[in-house]
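K.L.:
Once you've had a glance at the structure underneath, I'll fire off some questions.
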Amino acid sequence: MFKTRPLLSALVNYRQLLETNGLKLLCTMSEEARDQETAKLLKRPNEVNEDSAESATKRIKAEGEHNEDDKRFPKKKVVLLLAYSGKGYYGMQRNPGNSQFRTIEDDLVTALVKSGCIPGNHGDDMRKMSFQRCARTDKGVSAAGQVVSLKLRLIEDIIEKINENLPPQIRVLGLKRVTQGFNSKNNCDARTYAYMLPTVAFSPKDYDTENIAAFRLAAETLQKVNQLFALYKGTHNFHNFTSQKAPSDPSARRYITEMSCGEPFVRNSYEFAVITVRGQSFMLHQIRKMIGLVIAVIRGFAKEEVMERSWGQEKVDVPKAPGLGLVLERVHFDRYNKRFGGDGLHERLEWEREEEAIKAFKEAHIYPTIVKTECEEGSMVSWMATLPSHDFEATVTGTQDNKDQKQVHQLLI
């Protein structure tokens, strides 16, 4: 009776509608036809109910399977230590809706779903697993010590199962439990990057860059390079070392604790060196521009005073070195380790046991890729050829005005 009352009401409304339009079909219908019409009206809600019930059953079943997995392997807050070669990827951070621009997180999330570490719907919305990366590396940039925090099902042999579903150039090297409120980005005190480059980048402006293999960096040049890098130490306004950042923006002030270039070494007949920089945090393209400006000074395209001027209020044209050689070496959690590392419940976020695996991955996937790509494509030498186009004496605005005037002149011709 409960189910048929709304249906009878619907029939009455239907009859009134027909009568209003001057139609008396329902009244003149035979009893048999009327019964058939009633049967049709009664059938439709049942069909809808059956479809809804079937969908609900499937949903409940799927949720039940997830619940069973969650009971067997409850989700816990952890950090993963990642290493990857960035060549062929459009950076670390996932871009939903842009599947043609593959990122490291795209492949990582796919592996987490396939290995059973997270439910399938968590892959569509990363907030459901409280995902956070420590550093957002750019296109082509690699990492030997990236750390991400998230909630995972702690399945058996978890690292091995995740890696089984990852390409060789991405690897999970470690996993540690952390506090429930841990956030890998917000809890990070500092980040250390390395930049591997051919030493010909420090050659004089009149050096024949076609003869890269013959170049060897002089000890006095390396000393001068490190004197310039040392100027970056401390807190400076780096608004000229990123994009769309005003001089008055407080976030442009960044603290650098260390920056130096190591001794050169030879790979594939080319001489390379590694620049190391540690800072509290870095803005988009900041490190590449810091290195680019020092190269411009060493090669004689800019005066040393431009470095001091670049931290001032005016806009300075700062060149951006290629992204190929940039590697996120490690991230630091000193405050977290001091507060929770000795509480007996949580591990310190240090990776001494993984050092050999980190070194092996760099030797197998990161360094060979940088050396091979540099030797085959010559990204550094190609970039060096653009240095004469920079006007280090003028402001960026003035330089852009000159470019605009040239374009207008060309259009008039």
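Backbone N, Cα and C atoms are what each Cβ position is placed from, and that goes for glycine too.
From TrEMBL, for reference:
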type	residues	note
ACT_SITE	Asp138	active site, nucleophile
BINDING	Tyr193	substrate binding site
COMPBIAS	56-69	compositional bias 'Basic and acidic residues'
DOMAIN	230-334	domain 'Pseudouridine synthase I TruA alpha/beta'
REGION	44-69	region 'Disordered'
K.L.:
Using a 10 Å radius around its CB, how many other CB atoms surround the residue listed as 'active site, nucleophile'?
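P.N.:
By my count, 18.
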K.L.:
Can you tell me how many other Cβ atoms are located within 10 Å of the Cβ belonging to Tyr193 (substrate binding site)?
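P.N.:
So the number of other Cβ atoms within 10 Å of Tyr193 (substrate binding site) is 23.
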K.L.:
Counting by DSSP, what is the helix, strand and coil composition of the domain 'Pseudouridine synthase I TruA alpha/beta' (230-334)?
P.N.:
27 helix, 34 strand, 44 coil
K.L.:
Can you give the mean pLDDT for the domain 'Pseudouridine synthase I TruA alpha/beta' (230-334), rounded to a whole number?
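P.N.:
Here the mean pLDDT over the domain 'Pseudouridine synthase I TruA alpha/beta' (230-334) amounts to 96.
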K.L.:
I need the CA-to-CA distance for Tyr193 (substrate binding site) versus Asp138 (active site, nucleophile), whole Å please.
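P.N.:
With the alpha carbons as reference points, the distance is 13 Å.
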